[in-house]
Amino acid sequence: MASQGKKLINDPNDVVTEFIEGLVETYPGLQYLDGFPEVKVVLRADHASAMLDKVAIISGGGSGHEPAHAGFVGEGMLSAAICGEVFASPQVDAILAGIRAVTGPMGCLLIVKNYTGDRLNFGLAAEQAKSEGYKVETVIVGDDCALPPPRGIAGRRGLAGTILVHKVAGAAADAGLSLDEVAAEAKRASEMVGTMGVALSVCTLPGQVTSDRLGPGKMELGLGIHGEPGAALADLQPVEVVVSHVLQQILSPETNYVPITRGNRVVLLVNGLGATPGMELMIAAGKAVPQLQLEHGLAVDRVYTGSFMTSLDMAGFSISIMKADEAFLQRLDAATKAPYWPVGVDGNRPPAKIPVPLPLSHSAKSDESLSRPQQLSDQGHLLEVAIEAAVNAIIDLRDNLNEWDGRVGDGDCGSTMYRGATAILEDMKKHYPLNDAAETVNEIGSSIRRVMGGTSGIIYTIFCKAACVQLKANTQSVVTSKQWAEALEASIAAVSKYGGASAGFRTLLDALIPASAVLQERLNAGDDPCTAFLLSSEAAVAGAESTKHMQAQAGRSTYISSDILATVPDPGAMAAAAWYSAAALAIKNNYQLHE
């Protein structure tokens, strides 16, 4: 059922003039003629100097296709754009006003889309301007490839390919060519481009109801840019299939819409119709390029993707293919100050993808140095024992962690930590360089990053990477207990910096911060490292248990009431206390920490 369309407008009758006012406020290189509402003309702010020795390029038509045409006014492109009401050709007097405003001794070229109203109004304005002594030439653009020949007197409609004609003509004029030369280049460009559109919805005119012509799961092929029905109605298909159909239609040798054959060079323009996200347009472009190359045997020299000539809020896109040569490419690459011409697309195309760079540590170290040593040092054996105990504690605690997290979070803390723990166990057997403490901690972080999703995975990866950096500052082969304590402190600082939490936020830091403080305190007091580690683990457990009395300030627990939080400790803190305590106990039962 049709419904009133929602629009961010004031009076529907003022949308065009208010659009022009906003455009000119935004771009200081543009002005408009003070003739509202009859005369709606956007022109270059430097038109007075440009008209002295350059051909003026003028285009326009009904509004509702923004950014066309006013968004392409600027040095190197259009000199002026004549704006009609929404989907209505501009009046002859407005076109004449535009011609008079920007045309100098070199004359002007009118680029007109092939619609009856535009041809008649621009045609009459051209004849009137000629009678006033202006030199005027006209190029009609009809790039539509959807309607089967014969097409009667109406001919092919002017669509988004017109923008490429604007660019070629504007660059030719900016290069100082004569009116006849500029018109010849524009005409040749118009004969080399073909366009076809696909719509997923119809557009809504300001102040009017939205049509329900297109039902759910349907798309329209070969539509125009004024909301008129397309050439065919079809079931919605994956974009790769839609793109293939459109390209075949444009490049069909039977219809011979454009003189493009295998081996030719082409330019691709993927144009959004108003309500299509940039992501979807890029997907369409990404599918079109290889199809043009592999299925049609064409070299794609330039790709322009974005919204160039829309149909208000219509969902869908059009594809334009233009036969290219060095002369056209030079015009397309020429500099312009038109605000809506895309930047960053000029020049030859490099390979689309390059290899992923390896980490510096991997490129600088041999495979042997990043593999499990055949013989473990005392420190290496100690690391292995501590790691194994820590991860086994997490594995044993999986169900409890899930149960706690189910009451204060999304219920997967145990499963997430379990994935990390089992990956660490498996990877340690294969390639942890246990005799190198810093690289071992680094590899633990890599194992976690590979398999642990969500916030926990990122936090523990940051934790390990920060510890690795701190440990690498030690140039000696054996890491002392104080250096391990400094690494723990650095890890806590990094997690707090990037995660935003600190003590009392009901996170894993509420276990690790008191553990770190006690470890530093006992070591500084001269305690035996094993004793200091065990005492700090008791502080970790106490800190984790204390989270029952904290109001969450980070993570999903922030959405849980304090009454529920008071019945269960923070799962992340309990997990941290578990692995920390298990590692401390394993150290005590094996070797003293090396000094």
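The backbone N, Cα and C atoms fix where each Cβ goes, glycine too.
What TrEMBL records for H226 is active site, tele-hemiaminal-histidine intermediate. Neighbour list (H226 (active site, tele-hemiaminal-histidine intermediate), Cβ cut-off 8 Å, at least 6 residues apart, same chain): G62, G64, F87, S311.
Among the features that TrEMBL reports, substrate binding site is placed at G62, S63, G64, H65, K113, D118. Neighbours of H65 (substrate binding site), defined as other CB atoms within 10 A of its CB across all chains, total 27.
According to TrEMBL, the feature domain 'DhaK' maps to 11-341.
The domain 'DhaL' annotation in TrEMBL covers 381-585.
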For the binding-site residues G62, G64, the one whose C-beta sees the most other C-beta atoms within 10 angstroms: G64
Cβ contacts of D118 (substrate binding site) (under 8 Å, same chain, 6 or more positions away): G60, G61, G62, S89, V112, G158
Environment of G62, S63, G64, H65, K113, D118, the listed substrate site - residues of the same chain whose CB lies within 8 A of the CB centroid: G60, G61, A68, H69, G84, F87, A88, S89, I225, H226
Neighbourhood of S63 (substrate binding site) by C-beta distance under 8 A, where only residues 6 or more apart in the same chain count: V15, V16, F19, K40, C83, G84, E85, V86, F87, A88
